Every structure is written in C-alpha cells, then in structure tokens.
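Asks: For reference, Swiss-Prot lists these features for the protein:
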{"type": "BINDING", "residues": "GLU171, ARG217, HIS448, ARG489", "note": "L-aspartate binding site"}
{"type": "BINDING", "residues": "ARG217, ASP218, GLU219, GLN226, GLU482, GLY534, LEU535, ASP536, ARG537", "note": "ATP binding site"}
{"type": "REGION", "residues": "195-198", "note": "region 'Aspartate'"}
Amino acid sequence: MRTEYCGQLRLSHVGQQVTLCGWVNRRRDLGSLIFIDMRDREGIVQVFFDPDRADALKLASELRNEFCIQVTGTVRARDAKNVNADMATGEIEVLASSLTIINRADSLPLDANHVNTEEARLKYRYLDLRRPEMAQRLKTRAKITSLVRRFMDDHGFLDIETPMLTKATPEGARDYLVPSRVHKGKFYALPQSPQLFKQLLMMSGFDRYYQIVKCFRDEDLRADRQPEFTQIDVETSFMTAPQVREVMEALVRHLWLEVKGVDLGDFPVMTFAEAERRYGSDKPDLRNPMELVDVADLLKSVEFAVFAGPANDPKGRVAALRVPGGAQLSRKQIDDYGNFVKIYGAKGLAYIKVNERAKGLDGINSPVAKFLTADIVEAILERTGAQDGDMIFFGADNKKVVADALGALRLKLGKDLSLTDEDKWAPLWVIDFPMFEDDGEGGLTAMHHPFTAPRDMTASELKTAPEEAVANAYDMVINGYEVGGGSVRIHNGEMQQTVFGILGINEQEQREKFGFLLDALKYGTPPHAGLAFGLDRLTMLLTGTDNIRDVIAFPKTTAAACLMTEAPSFANQAALTELGIQVVKKAENN
C-alpha cells in the first residue's frame, strides 16, 4: 500500500512518485489549495492538493485530523522561502495526484493542541501513542532491545526462556497468584524475576545466559514502578564480580553511544558505606555537587543537646550539608525545608547562613550560633569549604535518619536551586552492601535476596556474626537511578542453608520452598554471578522522560489498573467455580 514512510522523504526523492499511508496531523484550507501535514511512525511530511487534480482536491476538503489516508503524488523541492528548518522533511513537499480515505475519525477525545490529563491519555492510549514524541520513545525502546540482543550474542550469551508459571518464593514483594484448574486449591506464581531458574541454568552448564523478560510484583507503585515490568536478565558462570561488572558496563556504554552519541567513560566504583556517608543514599546522583560532611567530633562538648546527644552516641551522627549560594534562601523557604526533612524522621533543620566568613560569629546568621564558639564555627566552615553567601544545613539524629533526611534534602536543593547539572551523565557502581538489614521485628531480612553470597566469610563465620556480613553485590546507578543490580550467588549448600536459617526459614520450610535448589547444589555447582537491568528505567533515561509510563506501550496506573481495558475485572462465576474459588466479600462497617 505504501512505497515510502512520510518522515523519511528527503531532497534525494525529488521527482519520484511515492505512495504514502498515514494520518492527517493538520489541515489548512486556502480555497484553491489544501495543505495537510501527513504523519506516520517515522515523522511528518507536507502534502498539498491543487486545482489541476480536481478530484483529489475535492476529496481533500473532507479531511479532518486523524483521518487514516493513502496519498500518491510527486516529491518536489520547496522554494527557499518556504523551507521549514523545524521539520526533518522541511526541504520537500508532496504534490498529491490521488487520495484515498481509508477510514474517517470521530471527534477526538484527546486534543493535540492542549495538554491532556494522564488519565485521558491512558484511557485512549492508542491515540496517545500516535503522538510523535510517544512513537519516538517506543522506537528508541525497540532500538535498545535490538542493541542488547546483538551485544549479548556477540559476547557469547545464549537467549534462554524461563517459565512464567512457577512457584512462589520470598523475594521481597507480594506475588501475583494464578489458580490451577487441574490442581484445585493450588496456585502458580508469576515470577518476580527468573532468579532461581537462571541459577539452575548455570548448574546445567549454560555459562552465559540472558533474557529480555517480563516480571511481576504486586507492590505499592511509584512514578518509576509498574506491576509488570521488563528486565534484561543476565547470569554467568566462572566469572568474578569485577568481570561481570566489566561486561555489563560495556553493554551500557554501548547503548549510550549508539542511542545518545555519548561516551560515558569508565564508571567509578563506590562502596555502600561511602555512598551513604557522602550522599545519604545508596544510589547517589553525582551530577549534584553537594556532599554530607561529618562534624560530630567538633560538637561533642557544645551546650546544645540536639547536637551533643547524637555527637556522643555511637549510633548517632551529626552531618553538615553546604549549599552553594544558599544564604539567599528566605525564612519561609528554610521553614519549608525543615518541614520537608520531617518526612524522613528528622525533628527539624538547624542552619548557619554564611554572610561574611572573615567576621567569624558576626559574619553568620544562625539560631544555634549562641551555642557555638568562634573556633567551632570556623572549624565547621573550614571542613565544609563554606564561602560567603553559602548556607550550611545540619542533620543530627541516628545515622539512618541523618542519611535519609539530608540525602533527600540534597536532591531537592539540587533541583530547586539548579545546582544539579541536568546536561550531564553520572554513572557509577555501588558495591559492598550489607548482607542483611533489620526487619523491624527483631529479625534480619536479606538486603538483596537470599541467594546472594557474602564476601570473604565461611558459613560458620556468617552464622556467628550475620550483622557484620558484607554482600558480594553490586548496583549500577545513573543520575540517581538504580538501573541494574546483581551479585555473586551462593553455590554451596551449607552456605545457602545458613543464610536461610539466619532469615528465619526453618529446615522444613527450606525443603518445601527450595528443596529443588538445595538438591541442585549437591551436584557440582559452578561459581556464578549475574545482574538484571530494568529495561523500562534504562529507556526512561535514554528518552529523557521522568515517567516510566511514557516508555511502556500500555502501562498501568499507580493503582495497578488499565484504564483502557478496565483491567482488573470481576471474573465469571462459572470460571471461578471451575477453579474451586469462592470470592468472600468483606463485611461493611456499620
């Protein structure tokens, strides 16, 4: 039906007869001439109808936005004065000789000339996807997956599929369950990741595996989360953690070079402890120049319990955050930031405004100045590198609250004061995470997952001091987003059972849930390690949007619903009966 795409026509096509298929993007009727912008997935081209082709001109008068049409015509060069530098096809136009209206369009529920609500865009997603910016994002996504496949093939990885209907395992979020008709009362789980299957593939001898795979997690959603998402899943045997990172870093550098024309260079490597200490986050945005600076040793003897208490507590921390040019902040802005950090558990926000550093106490403005000596103030200013016109904010509490509160404040100030370089790419690896974290109920939970190996510890050493264990894990972070994470896996049965025991999984439960894994570990398991990238998040970064729904063709809302198909929906009673399922309605409170 077509010979060319609208958006691919150039001066090299001048004089050629072409047939185009697409949609009317815009129509301008000048009486004796009618111009339309015709659009397909590759872009837009100007088509015009003149009186010499009367039938086509007459039919063109009926055209409206989003009519689906076919046009045959001749490509012509535009006069110099009519060249449109804003269009890729702006040097040419098509003189139409024939027009076919394939399908007409009703009045549109989306307005191309105004900003539509996200609710409307999701309800009429098939129309929203016609917009050039949306089409470009999905084309970029397709390019990314193509580049990934070629790279992985070139590096000896095998694309192997793993099951969608599997067994529920504890991986940190709720599973989506699928009832079995054949085995009434039993359920499959949709995979949160192919974690155990890819480890079993390593045990099967497939030493380099990858898969671009759908995963499912029934969790509370955020702007960068979806209940179903796509992973670039990777596993290797006989490779160390640095070797895995080297290959995966090469993949991401390849993507940025091919898609953005940007060489990311070598990725710096930072420990979890350093990232938390300097940036208050395990996924630091290095485009932001501000850092947290420890000042507890300077404040242990001050007559101000808010500072002195945490400064003398081994579990406490007092940190300072220097804000370049922050002295300009108004009292209301400071109060707003004080309320902001309370979201993260902080009780408030002490500060020092540096007006003229050379004047000592007389050169600062601070509600806590009366508790500080000139020497202490000078030491704080020296350590933070404060200059005239800067602001210093303080966090004083337990270590987690200080990191969370000042880390979040750092990001907010970076954005509010334009301190974060939005034109920069800042990738890094974060390594050496704690193996476990407090579950809030007196027990421990795995910081990554229960199959991550500890660094340099035997099973008996791990059992004795699990709180001290460091995971042989690594996350790739770009511009403050965790785009991928992985680890060296446990390949020893004793170690795996030790980890399960620390997590409170008794031997009977281990056999019920992981018996197949424990059995497989008995038969010559190779050392193995892997990583998974979030394809949706990578695409989000590479297309410059901050909403993950913009890079998924048919995404869910933050309530995990599809507004277009109205999923989820109630099931047919006959189907439920066949599955042996009875829906119990909650009693309404009177």
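Here the Cβ of each residue, glycine as well, is placed from N, Cα and C on the backbone.
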Asks: Near the region 'Aspartate' (195-198), which residues from the same chain, at least 6 beyond its ends, have a CB less than 8 A from one of its CBs?
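Replies: Same-chain contacts beyond the ends: 162-163, 166, 169, 171, 209, 211, 233, 235, 449, 451, 514, 517, 530.
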Asks: Under the DSSP assignment, what numbers of helix, strand and coil residues are found in the region 'Aspartate' (195-198)?
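Replies: For the region 'Aspartate' (195-198), the helix, strand and coil counts are 4 helix, 0 strand, 0 coil.
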Asks: By CA-CA distance, flag whichever of ARG217, HIS448, ARG489 among the binding-site residues is nearest to GLU482 (ATP binding site).
Replies: HIS448
Asks: Quick one: mean pLDDT on the region 'Aspartate' (195-198)?
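Replies: Reported value for the region 'Aspartate' (195-198) is a mean pLDDT of 97.
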Asks: Going by C-alpha distance, which of the binding-site residues ARG217, HIS448, ARG489 is nearest to ARG537 (ATP binding site)?
Replies: ARG217
Asks: Sequence gap of 6 or more, Cβ distance under 8 Å: name the residues on the same chain that satisfy this around LEU535 (ATP binding site), in order along the sequence.
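Replies: Same-chain residues close to LEU535 (ATP binding site) (Cβ under 8 Å, separated by 6 or more) are ARG141, ILE144, THR145, ILE212, PHE229, THR230, GLN231, ILE232.
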Asks: Could you tell me which of these binding-site residues, GLU219, GLU482, has the greatest number of Cβ atoms within 10 Å of its own Cβ?
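Replies: Per the Cβ count, the most surrounded site is GLU482.
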Asks: Taking only same-chain residues 6+ apart in sequence, whose CB is under 8 Å from that of ARG217 (L-aspartate binding site), what do you get?
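Replies: Non-local contacts for ARG217 (L-aspartate binding site): ALA173, ARG174, TYR176, GLN192, PRO227, PHE229.
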Asks: Any same-chain residues 6+ apart from HIS448 (L-aspartate binding site) with CB under 8 Å of its CB? Would you list them in sequence order, or say none?
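Replies: Non-local contacts for HIS448 (L-aspartate binding site): PHE433, ALA471, ALA473, GLY485, SER487.
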Asks: Which of ARG489, ARG537 (the binding-site residues) has the most other Cβ atoms within 10 Å?
Replies: ARG489
Asks: Take the C-alpha atoms of GLU219 (ATP binding site) and ARG489 (L-aspartate binding site) and report the distance between them in angstrom, rounded.
Replies: 25
Asks: Please report the DSSP secondary structure of LEU535 (ATP binding site), reduced to three states.
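Replies: Reduced to three states, the DSSP call for LEU535 (ATP binding site) is helix.
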Asks: Taking ARG217, ASP218, GLU219, GLN226, GLU482, GLY534, LEU535, ASP536, ARG537 as the record's ATP-binding set, what's the max Cα pairwise distance in Å, rounded to a whole number?
Replies: 20
